[in-house]
Amino acid sequence: MSRKLRYGLSAAVLALIAAGASAPEILDQFLDEKEGNHTTAYRDGAGIWTICRGATRVDGKPVIPGMKLSKEKCDRVNAIERDKALAWVEKNIKVPLTEPQKAGIASFCPYNIGPGKCFPSTFYRRINAGDRKGACEAIRWWIKDGGRDCRIRSNNCYGQVSRRDQESALACWGIDR
């Protein structure tokens, strides 16, 4: 079984990569699978009010309890958030990247942990120094949620471990060939 399949990338994500899809297409599919698309506000694992694919703000205003959006509005919000994440990658990652690599880094850094945690990270230092394998290893270290070790299944955050494996697989896509 290939390394990519072991890391649990879905058949849909693998098909997009095989077809030569763009980073926005790959990232959309990946985030739909990881975040879902909720048209009613909910609290995320950290207790923050979110909507759509994890947006915390809509039209410049914070998400509030009871907020509801149409699927079409969520699609627009999701596109804005996706494009911001990919623009962050283009601006801040100084090594050439493939489309799957852009999607993996966009999901991990700006989209999930946030730039404030990414900039001082070992991942960020390693990727920009050209140590791609080391950077991908460092993604997999981010497996705590609110201080809980997500490798312990009873902490109810094991999805974080799987997501980091998958983001690492995308961010390193093709470097082992």
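Heads up, the Cβ atoms here are built off N, Cα and C, so glycines get one too.
What Swiss-Prot records for this protein:
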TRANSMEM  1-23  transmembrane segment
ACT_SITE  Glu35  active site, proton donor/acceptor
ACT_SITE  Asp44  active site, proton donor/acceptor
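Separation of the C-alpha atoms of Asp44 (active site, proton donor/acceptor) and Glu35 (active site, proton donor/acceptor): 10 Å, rounded to the nearest whole number. In the three-state DSSP classification, Asp44 (active site, proton donor/acceptor) falls within coil.
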